[in-house]
Amino acid sequence: MADNWTSLGVSVAEDFDWLEQSYCRGQLVHCTTNGSDVSDEESFGATETIWIITSCILIFQMQTGFGLLEAGSVTAKSETNIMVKNSLDLVFGGITYWAFGFACSFGDSPGDNPFIGVGHYFLVVDEKRMGYVYALFLFQLSFATTSMTIVSGAMAERARLISYNIFSMCMTFIYAVPAHWMWAPNGFLLSLGVQDIAGCGPVHLVGGMTGLVATLMLGPRKGAFDGNRGTVPSPLKSILGMFMLWWGWLRFNSGSVYIVTADDQWRFAVIAGVNTIIASISGGVTSVICR
């Protein structure tokens, strides 16, 4: 019996070692394909372009899901405000990410270092690398705006529009620097062996911690805990938003497999999708049972 358990342990360890080596060979955008690795750029072709563009479309659609989820959780008078704020995440956050955010994350010009990128400001890039870098920009922009929108729910009904616009522009930098640490080829966290498949650090941890700080600074929503809160406008909107986000996360995670044709990397896209759907189903079952 002991020998059987030992054999099982060795087999599992070998499987994990194979997964780790495969991930770091050409895997997700975020280990070796985020920067200027020539072999990955050369393998980037029409199939990868279609894969990334369709992923971006679906991930950007998650903004609609966030908007509906949050609009169904605030009072009627704040419903329009929350939808406008989510739209401005992409408008103001997008313009600053185009100007310098992408450069801080993935710039590889002289002066680039393990803590911050330099180069590609305003998305200026050599024509030969244009397709690869532009695709990377689109995909990373969808990640950056998702990180911003995570904070939107935490600040609901507690921030003026102009203040939130300024925050959206600042959030670009807040996201861009940890993204460089984690995903740039010379990022200091990546050099320490840290692996992040689809943004648990730069997207979710950064967005969540920023939301926590914003909540502590802004305090509770007026009337939320004193019995004077108005009627929630539409739980149906929250449910529709939940479904849009649910399916969006499938592409968010599986789309992180940037190069899908080299070394059968498409298998990892399937693994990411299966893990996402099983985890969400399990979470739903647990929630229903506990309540």
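Using the three backbone atoms N, Cα and C, a Cβ is placed for every residue, glycine included.
Record features (TrEMBL):
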type	residues	note
TRANSMEM	49-69	transmembrane segment
DOMAIN	51-290	domain 'Ammonium transporter AmtB-like'
TRANSMEM	90-111	transmembrane segment
TRANSMEM	131-154	transmembrane segment
TRANSMEM	161-181	transmembrane segment
TRANSMEM	201-219	transmembrane segment
TRANSMEM	239-260	transmembrane segment
TRANSMEM	266-290	transmembrane segment
Folded-back contacts onto the transmembrane segment (131-154), same chain, C-beta under 8 angstroms, at least six residues removed: 29, 34, 41, 44, 48-49, 52-53, 55-56, 59-60, 62-63, 66, 69-70, 73, 82, 85-86, 89-90, 93-94, 97-98, 101-102, 105-106, 120, 123, 125, 164, 167-168, 171-172, 175-176, 179, 199, 202-204, 206-208, 210-212, 214-215, 252, 255, 258
Overall pLDDT for the domain 'Ammonium transporter AmtB-like' (51-290), taken as the rounded mean: 89
Positions whose Cβ lies under 8 angstroms from the transmembrane segment (90-111), at least six residues beyond its ends: 34-36, 60, 63, 117-123, 133, 136-137, 140-141, 144-145, 148, 165, 168-169, 171-173, 175-177, 179-180, 183-185
